[in-house]
Amino acid sequence: MATIHVDGKEYEVNGADNLLEACLSLGLDIPYFCWHPALGSVGACRQCAVKQYQNAEDTRGRLVMSCMTPASDGTFISIDDEEAKQFRESVVEWLMTNHPHDCPVCEEGGNCHLQDMTVMTGHSFRRYRFTKRTHRNQDLGPFISHEMNRCIACYRCVRYYKDYADGTDLGVYGAHDNVYFGRPEDGTLESEFSGNLVEICPTGVFTDKTHSERYNRKWDMQFAPSICQQCSIGCNISPGERYGELRRIENRYNGTVNHYFLCDRGRFGYGYVNLKDRPRQPVQRRGDDFITLNAEQAMQGAADILRQSKKVIGIGSPRASVESNFALRELVGEENFYTGIAHGEQERLQLALKVLREGGIYTPALREIESYDAVLVLGEDVTQTGARVALAVRQAVKGKAREMAAAQKVADWQIAAILNIGQRAKHPLFVTNVDDTRLDDIAAWTYRAPVEDQARLGFAIAHALDNSAPAVDGIEPELQNKIDVIVQALAGAKKPLIISGTNAGSIEVIQAAANVAKALKGRGADVGITMIARSVNSMGLGIMGGGSLEEALTELETGRADAVVVLENDLHRYASATRVNAALAKAPLVMVVDHQRTAIMENAHLVLSSASFAESDGTVINNEGRAQRFFQVYDPAYYDSKTVMLESWRWLHSLHSTLLSREVDWTQLDHVIDAVVAKIPELAGIKDAAPDATFRIRGQKLAREPHRYSGRTAMRANISVHEPRQPQDIDTMFTFSMEGNNQPTAHRSQVPFAWAPGWNSPQAWNKFQDEVGGKLRFGDPGVRLFETSENGLDYFTSVPARFQPQDGKWRIAPYYHLFGSDELSQRAPVFQSRMPQPYIKLNPADAAKLGVNAGTRVSFSYDGNTVTLPVEIAEGLTAGQVGLPMGMSGIAPVLAGAHLEDLKEAQQ
């Protein structure tokens, strides 16, 4: 700690910080542009000037840039010194000489750091009356709009994109006051994290193009704290709504999880919530048609049918909340509840959970991954299956440069010096996968092989670290040399990290990862292990337990069950579509509860229209076992009284109560959570994921809307001039109104949107943190459900045999895509241009045997259908395998590991 003196007052601060960071952490306002908590200091904008004095007697002082000056013990500075204030105002005036005066038409207006800093410096009159320099804007793809004339040359965009996210296609061109930030030519930004430019840029150069189509100001949107639903990582988000539509998603700061950044799937993949073809009312089949029902009719009709059924089973979903899955389990009984996950995937999920809970190895939070100094990724294409983890791995690898700089006593915020000292030095990263990955550019070595051989590599590494681990026979000398290099790197690391998961389709890969972690722990290393699952609540469903999807289908096929309730699950993704359709056709009653229109609705007798994450509350559990609550953003029935979209748990509990002819006793979310805790002790921690509905601050609920929210009384005037009462939220501590507490200093960690007096942009998160870039002042939201066990597991001993290609037979290797493999986000219209067209990848040798080239269409039979796809040649794919894009149209993820036998060139 250090003692500094600011305008005559004494403060205790972190001596490792610079003065700007220290003052912001104290709640003092210093304007800045080029500095960012995640990017460090370069002193490019000169906006954060303060007056520094030699001692208490010095009255003259000198101007210094606070972002480039350490907060040393005994420092005396003044923020309010007149010369410093005039200098800061003049800097803004320089920047404004070329900045257009277009705030009324700029999409950044009301969410703009430049506006905030201009007001803060007091600059309110423009003296420059001459020609401004202008630029041509670029088309940067479907996600981001580009308006270069608004640029103030703060360099944040390229520092984030190139230095932090390792992007290669955005740069700066030109000189002096005529610089251009963009691509060498028009084209879609290639980085999976390009959307963060929207929040990194302090002006309106980079804005959210998906928001542009239905634009409104930040102060006119309704927000709620939420959790990204597009993968298992559980990033915190702030969805914004207007007129019953999601308009944009912003990053919600969580110092333990996603920090300041999201991936592009999480930021832009929300379009499925706004689809017009979503089920919005319950419907029941009458012959070949569906008739619309109200909620009471739906409940009575469903209950009447279920009463006549001899056995009802329920099929849950890894994309549904803990509460919804539990409500289904209560409806059908624990013994009749099935997870809706394929048997193989469920085995891998249970093993991953066992490793995390009983393995004796620490599981780091997402932010903690950045602190590891050697990383081994076994089997997961992390950028495609858990992209935010990949960004954290990139920071971990860069830790080598920070380590070298620290040895020379260079402060952690001196990023230019760190990059200069590091000269691209990296901590070791080793990656195994069936083919190339997006992390290969920073990897020390990549191993492209079938999953069996990847597992064998992992087992061999574990044995080399600890000879009591099972040995692997038949390792080639060249591969053994690589294993020795990996072992040396992992053994020499203070904090090695092992990353694996369920998406590779191999239980042995997970076992190998666990063995490597155990061997490293035995050598005294501070080792961590991270498991990546498939869906947002895969871990929660795994903890809850239940039979596999195949077991559920068997119940229907044999006639033991004659009614099935399917919860938020497109079963075609987890089993053969032919088998699913045949099994459902045998059931006299098929009830589907979902917020998306799926293929199995063709077999449904009753469809209950449920609410998406934006219209409901619930709890999900991420890949590290962290329970996190998401909250309802808006009530769709407020805009259309015909809409009947209830939370899935509310539908299912109402049905259960109707079936038993009793009063509904779960009238709010807290009642469901209490029931979960009582029945499933392993999930007891979810009660602490967020405060209950009685939480108040000074007697007030928390506001979902900014206090400047406008137009509320006119929003439904086209329907009726009589304004209805605002929706009443009985489930949570939030209110559907601007009338509630939204103070940044209030004792809360669930924050719907970032705003503080004088701070309207995302930089307002500074006001909610205990120190800038640290944790939220009153704790980061969410709670871990299990901690590292003391004992640990024994070594896994089932080493697989080497992969052997078979003539005339090909094994399907899984290829995942950030844009396209996820069930929900692939429905977003904006994603269509970013999704690759379905393909089949072949090794050059296999392509030669078949007599086909790149672009040739080949066909194969699967599930009673003939599939025809164009060939792509993959040099890294081992012969004897074919690669298919998992989750794309007609290519279910359950295909991973299956075999094809009739692959041939398609008839023209």
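Backbone N, Cα and C atoms are what each Cβ position is placed from, and that goes for glycine too.
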Of the candidates Cys201, Cys263, the one that Swiss-Prot places in the [4Fe-4S] cluster 3 site of Cys228, Cys231, Cys235:
Cys263
Rounded to a whole number, how many Å is the Cα of Cys263 ([4Fe-4S] cluster 3 binding site) away from the Cα of Cys106 ([4Fe-4S] cluster 1 binding site)?
24
Can you tell me the CA-to-CA distance separating Cys235 ([4Fe-4S] cluster 3 binding site) and Cys201 ([4Fe-4S] cluster 2 binding site), as a whole number of Å?
21
Secondary structure at His99 ([4Fe-4S] cluster 1 binding site), reduced by DSSP to three states:
coil
Considering Cα atoms only, can you say which of His99, Cys112, Cys231 is the nearest neighbour of Cys45 ([2Fe-2S] cluster binding site) among these binding-site residues?
His99
Positions whose Cβ lies under 8 angstroms from the domain '4Fe-4S His(Cys)3-ligated-type' (83-122), at least six residues beyond its ends
29, 31-33, 45-51, 63, 128, 132-133, 145, 147, 149-150, 152, 177, 202-204, 207-208, 211-212, 215, 217-219, 758-763
Tell me which of the binding-site residues Cys103, Cys106 sits in the most Cβ-dense spot, judged by other Cβ atoms within 10 Å.
Cys106
Can you give me the same-chain residues 6 or more apart in sequence from Cys48 ([2Fe-2S] cluster binding site) with a CB-CB distance under 8 Å?
Leu20, Ile30, Pro31, Tyr32, Trp35, Met65, Ser66, Cys67, Arg88
For each of the binding-site residues (Cys112, Cys151, Cys201, Cys263), count the other CB atoms lying within 10 A of its CB, then report the residue with the highest count.
Cys263
